[in-house]
Amino acid sequence: MAEAHQAVAFQFTVTPDGIDLRLSHEALKQICLSGLHSWKKKFIRFKNGIITGVFPANPSSWLIVVVGVISSMHAKVDPSLGMIAKISRTLDTTGRMSSQTKNIVSGVLFGTGLWVAVIMTMRYSLKVLLSYHGWMFAEHGKMSRSTKIWMAMVKVLSGRKPMLYSFQTSLPRLPVPAVKDTVSRYLESVRPLMKEEDFQRMTALAQDFAVNLGPKLQWYLKLKSWWATNYVSDWWEEYIYLRGRGPLMVNSNYYAMEMLYITPTHIQAARAGNTIHAILLYRRTLDREELKPIRLLGSTIPLCSAQWERLFNTSRIPGEETDTIQHIKDSRHIVVYHRGRYFKVWLYHDGRLLRPRELEQQMQQILDDPSEPQPGEAKLAALTAADRVPWAKCRQTYFARGKNKQSLDAVEKAAFFVTLDESEQGYREEDPEASIDSYAKSLLHGRCFDRWFDKSITFVVFKNSKIGINAEHSWADAPVVGHLWEYVMATDVFQLGYSEDGHCKGDTNPNIPKPTRLQWDIPGECQEVIDASLSSASLLANDVDLHSFPFDSFGKGLIKKCRTSPDAFIQLALQLAHYKDMGKFCLTYEASMTRLFREGRTETVRSCTMESCNFVQAMMDPKSTAEQRLKLFKIACEKHQHLYRLAMTGAGIDRHLFCLYVVSKYLAVDSPFLKEVLSEPWRLSTSQTPQQQVELFDFEKNPDYVSCGGGFGPVADDGYGVSYIIVGENFIHFHISSKFSSPETDSHRFGKHLRQAMMDIITLFGLTINSKK
């Protein structure tokens, strides 16, 4: 085969006339280009390291400071108050340096020291400024003079064009709340969920903890917070994610869907070519650290960017006791799964990224390949879908050497994983509800063996060219994948585009090596483990009751007219819907972020409050008036927003209690209070998918190009998982998951209650859905 010959730089044979050496010039050329590419990336990393290392100054400012110091010395002005003279005296005790040389060297050294001191002062000043969070608690739309001055100072110290990681060393550390404050907030959060007798018992446990064991655990936690960059994130990653022994599929991984109503081409290979190229463009921008750091409050307050580091070239490696995350700096290939076969596809040729048409060519060759799967190959990925321990043992036994290790390395060290799915998914006008549900379920779990659930992202291209992503959760949270996904969809349609016949723009290239099949030698014993994993994973997947639907009766535009937060509005609608569905309240989880702090991830907002319960009960009481309901609604919204702000600013409940629990385990002490708190089930788990890059295209002019967001599986066996995305002014998309095996839950029933709850609340304001126009 041609590609096999191209892969060999030289060959030799021994003949009677001597050694016959044959060089492959094409292979040598590709080796040289690969080396140049590698050195170019190293240089870019080195340059970016310098730029980020001197932030908020810039490297050129060093020259300005040094020239200024030396110029003042020539003008007989000593800017150092005698320090330059001291440096000069200590430079050369042998007397071999001329006085002019000593003066210049002394001036450069003093100027450099002054420059570093100014940088450290600016950085510390910025960190102090970013530690202020009073702006979050100000009344919406009203900004005090002191806040405006504070914002101006932050902007001055933030530089003109910060890179992705520029703010990392200037971000404050996540503060450790006082134990008594956390315990008090916890008791307030469970008050509406407990009977008086149970609440009094929990209050006694909590108060005993706050006085006795709590302060001891807190001392160790504070010690960690002084030493570690973030006192939560490493333990959260290890104990919540990596030590989990259950399946990643459904339980941990989540999915992202694309545009609902638009499919720019119906050619599967073409859609794959464009979108893979768009992903690679994003990766290149990320590698160069040219992504703009996300900033709040009018692009002023930066969020932590640490989670972007492991977006690509990352895989979760199974272990018997705990998993690990493997991340490599660079990967020049992807692995593509189609019809039970695994293919390795190189992403570079002639020292450049493959163009969209060239990637389409590669994908089409895979689709046209008639070869059959090797024994055990077709359903191999089921190992990543089921329990971790069998996969870890199987990996160690059958994939630690030989061709199996080489092929597994290719998968785990790929930039990302691609599935060319044989099914057709997406919105169908003749059956909108079932088609969207099927689309979501396919992205969440597929057929349990056609997604590599260990990879940071599995990119799925369906036969009818609809696309989606399945993402592993341990390395980062959903907003990072969402940021990538927004870029990919916009670049695919509005930047790259397609030809009139639906192909990628550009020309094919016959010189590109073809995709190569990964080779496996999977014995019968291993195939039995694969079959067992597939069986257990299929039971889990078939139990998922997933309902995904668009809500277009009104959106953010109309909610704003109610003078309330869209998120608070939806959260109260969820509380009302849950009560309609279950006839009771439950502990509710809403994911918030703590990325205002260095290496921050998430915090929990306990959305079921006394205020929200009072509102829901008023809505269910036919005797209550609209005025009473509206008043209670506004009180509940204000409470929710206050809790959300507390969570964002490091004053949440659950991460603090979680870390105290980890400390108690290290100290081998038992806490009945912490044990009970951490065993409470979240029967309603919710999350909003943020829209982060509204500048990519105009939603109002392109209303059909809206994303459906994404979703996740239910957290509790008898509960619901609800995700939602607010797009533009008039569109919200919901994803509801539960389990068929629970007699108490029904995702479609909950969806109907949620639609009605949204309409019931908007009616309180005397607004109709036509008010949005």
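Placement of Cβ uses the backbone N, Cα and C atoms for every residue, glycine included.
Small disclaimer: the values here were computed from a predicted structure and weren't measured.
Copied from Swiss-Prot, the annotated features are:
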type	residues	note
ACT_SITE	His473	active site, proton acceptor
MOD_RES	Thr588	phosphothreonine
MOD_RES	Thr604	phosphothreonine
MOD_RES	Ser741	phosphoserine
MOD_RES	Ser747	phosphoserine
TOPO_DOM	74-102	topological domain 'Mitochondrial intermembrane'
Recorded positions clustered about Thr604 (phosphothreonine) [Cα within 10 Å; pool: His473, Thr588, Ser741, Ser747]: Thr588
Local Cβ density at Ser741 (phosphoserine) - other Cβ atoms counted within 10 Å: 13
Spatially closest candidate among His473, Thr588, Ser741, the listed recorded positions, to Ser747 (phosphoserine) (Cα to Cα): Ser741
For Thr604 (phosphothreonine), the number of other Cβ atoms found within 10 Å of its own Cβ: 22
Local backbone state of Thr588 (phosphothreonine), from DSSP in three classes: strand
Helix, strand and coil counts within the topological domain 'Mitochondrial intermembrane' (74-102) (DSSP): 14 helix, 0 strand, 15 coil
Alpha-carbon spacing, Thr588 (phosphothreonine) to Ser741 (phosphoserine), which is rounded to whole Å: 21
Fewest other C-beta atoms within 10 angstroms, as judged across Thr588, Ser747, which are the modified residues: Ser747
Cβ neighbour count within 10 Å of His473 (active site, proton acceptor): 20
Cα-to-Cα gap, the residue listed as 'active site, proton acceptor' vs Ser741 (phosphoserine), nearest whole Å: 25
Other parts of the chain folded back onto the topological domain 'Mitochondrial intermembrane' (74-102), taken as Cβ under 8 Å at six or more residues beyond its ends: 68, 109-110, 114
Coarse DSSP state, helix versus strand versus coil, of Ser747 (phosphoserine): helix
